[in-house]
């Protein structure tokens, strides 16, 4: 977590805003910076690394599993639209960056303080671009896949409404600096359209070793399951938001989780025989592929050294989207397995977030400008835990290690 101080057109503002970007207090922009530029993207590098996840995914779709032609066609149409969204996001981020810099929505990188890179103004809240492109892609996809009387169209639009609501609330948080106690409630409000439209099952499968003790193989939780879904939305959005502080970490963990979701869905489609469950997992793919494509485009600018910061807009959007695909894909319990690092980070953070232990505004590692290395503090985050366990290292190396762990 980090903070920034925004400047007005006449003087530096006094209000601060909590964001997931590694930023510090900013100063009023120079009048000479009429048309600020950002560093070029690292799209080639990011796409090369993403093949580690994409090749197994494509292998499962085209070779390993026998997937119905119509279903495979829908997945590939969605993939093509998502691929176009990748390039659209690449093109829009530099444009949006110039606008947010002109409106003084920028910050300095705390983990580079004391170096020339630490004095560069970095545009913030670029998650708004990813969110807008994602919504455009997913709305356009309805034309190719859903009919007016489709049973899934209601839940699909409810999912988009929840995601859109979360993008709006995330951007409001970036601008207005919403307190933490309010942040915990925002995902609950944004999840209401989804919970009201949810028409899926409310049962869970009891693990086989526990069946003799419970006496049931399938347990219907009723309204408790919907309560769980609401809490899942709260957890996913805030867990991405607090597992942050390094260039590329917020987007990187989203890319890894989204890739795992895609592979899981294809495996389920190939293994299941029930058409409804197959469609549920395909539904999840339809939302996850645009998320992955647009996130990769953002990561190409946010990877070390970051030329843009993502803001709470992106972390809220990404967390809500993954919660939605888990709920409507009927694997919300399995989704938590992909969030194990975030669960660990939340448990480590709980004493400070609850106020039991004093919580500083920034729970970031200490940066040594002489060596360029980070040193872990006693703050309860996985970032600091890794530094305490594995020793000092550079920001890029630490981020890669955390993503490997993810």
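Positions of Cβ are set from backbone N, Cα and C atoms, glycine also.
Taken straight from TrEMBL:
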REGION    1-36  region 'Disordered'
COMPBIAS  7-34  compositional bias 'Low complexity'
TRANSMEM  43-63  transmembrane segment
TRANSMEM  75-96  transmembrane segment
TRANSMEM  126-146  transmembrane segment
TRANSMEM  153-172  transmembrane segment
TRANSMEM  184-206  transmembrane segment
TRANSMEM  227-246  transmembrane segment
TRANSMEM  252-271  transmembrane segment
TRANSMEM  283-304  transmembrane segment
TRANSMEM  316-340  transmembrane segment
Best-contacting stretch, by C-beta pairs under 8 Å, relative to the transmembrane segment (227-246) and drawn from 43-63, 75-96, 184-206, 316-340: 316-340
Feature contact check the transmembrane segment (75-96) with the transmembrane segment (153-172), CB under 8 Å, 3 or more pairs: no
Proximity verdict for the transmembrane segment (184-206) and the transmembrane segment (43-63), three or more C-beta pairs under 8 Å: no
Other parts of the chain folded back onto the transmembrane segment (252-271), taken as Cβ under 8 Å at six or more residues beyond its ends: 50, 53-54, 56-57, 60-61, 64-67, 71, 240, 243, 277-278, 281-282, 284-285, 288-289, 291-292, 295-296, 299, 303, 318, 322, 325-326, 329, 331, 334-335, 338-339, 341-342, 399, 402-403, 406
Positions whose Cβ lies under 8 angstroms from the transmembrane segment (316-340), at least six residues beyond its ends: 127, 130-131, 134, 155, 159, 162-163, 166-167, 169-170, 173, 186-187, 190-191, 194, 198, 200-201, 204, 228-229, 232-233, 235-241, 250-251, 254, 257-258, 260-261, 264-265, 268, 277, 280-281, 283-284, 287-288, 291, 295
Closest-packing stretch to the transmembrane segment (126-146), where packing means Cβ pairs under 8 Å, from 43-63, 75-96, 283-304: 75-96
